There are 2 protein chains.
Amino acid sequence: MVQPSRSAPPCPFPKVFPSQLERNDEFYMWLAYNQALDAWREDEVPIGAIIELGGEVIASAHNQRDSTRDPTAHAEILALGQAAQAIGDWRLNQATLYVTKEPCPMCAGASLMARVKRVVFAVSDPKMGCLGGATDLNTLPQVNHHLEISRGLLEQPCLELIQAYFKLKRSED
Amino acid sequence: MVQPSRSAPPCPFPKVFPSQLERNDEFYMWLAYNQALDAWREDEVPIGAIIELGGEVIASAHNQRDSTRDPTAHAEILALGQAAQAIGDWRLNQATLYVTKEPCPMCAGASLMARVKRVVFAVSDPKMGCLGGATDLNTLPQVNHHLEISRGLLEQPCLELIQAYFKLKRSED
């Protein structure tokens, strides 16, 4: 479904290869960052996501909204679907979602619906973020699942990427 | 991906064939109701969705979370993806989404992300609904799109369906 991009501005950021020796939060977030670079190369807003379970990466995805023309094809939605296929269960209650930007209303909701154990995000989003930015869906008392949340990991490189992409896109107009 | 169900309790509700002569809200909601019956027949919580654009049905889907083992396979998400494919654009700003139950956090968010013009739902959900039930994502001031909302159309038959399904499922246990 993904069509090759015709107009991605050249991406000046190289991929990062973190050591495999210590698989900590930073390791997985760099992989999410690399996914965001893949989004850029397809001329998509550079947001990437990784899902970890038991020390393994069970899903890697990046934003594909424009290339697939699918409003639901955000990095997190694609990763959650992949992860559920990988383990054969829609309940991801031992998994951690790493994503380079705070999830939007849809993706914050999807993390709750999938009963993800933990969400780690880099860049906060006061406009659209729904895990503390614009609102916090995780605090709804009636919802029968709550996420553990970590904010701000690798915020600077993930933010630079998004800002640089939009700056180059605007200069194209 | 959908596996045939082995344990759906027999569905006592027949499909409804509304007149094609007047394509009003009730017409489309009955089609969503019929989709909910299809969900039941696959042993899924019976929730259905239709997307209308310019008097035509451009998407019809029902909840498939359990059969696909995909936490994102709610009726609305599937319908939004279908609709975007049908028109070749992720922006659905002239479309109306009809759904038999108030959208959850993920699906309410997806409707916003897809910039749907209008959402019509039957059954309110004070626990998980995010268009006025548990919270209202549509009132977030920072989000750059707002939905027109209609609540309660065909509430009784859509609610009966969900309640009857859960009652039969519980009696199976």
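Glycine residues also receive a Cβ, built from the backbone N, Cα and C atoms like all the rest.
In the domain 'CMP/dCMP-type deaminase' (A:23-150), the DSSP tally of helix, strand and coil residues is 46 helix, 30 strand, 52 coil. Per TrEMBL, domain 'CMP/dCMP-type deaminase' is recorded for A:23-150.
Counting Cβ atoms from all protein chains shown, A:C107 (Zn(2+) binding site) has 35 others lying within 10 Å of its own Cβ. Residues or ranges marked as Zn(2+) binding site in TrEMBL: A:H74, A:C104, A:C107.
Marked as active site, proton donor by TrEMBL: A:E76.
Note on the domain 'CMP/dCMP-type deaminase' (A:23-150): its mean pLDDT in the predicted model is 97.
A distance of 9 Å separates the Cα atom of A:C104 (Zn(2+) binding site) from that of A:E76 (active site, proton donor).
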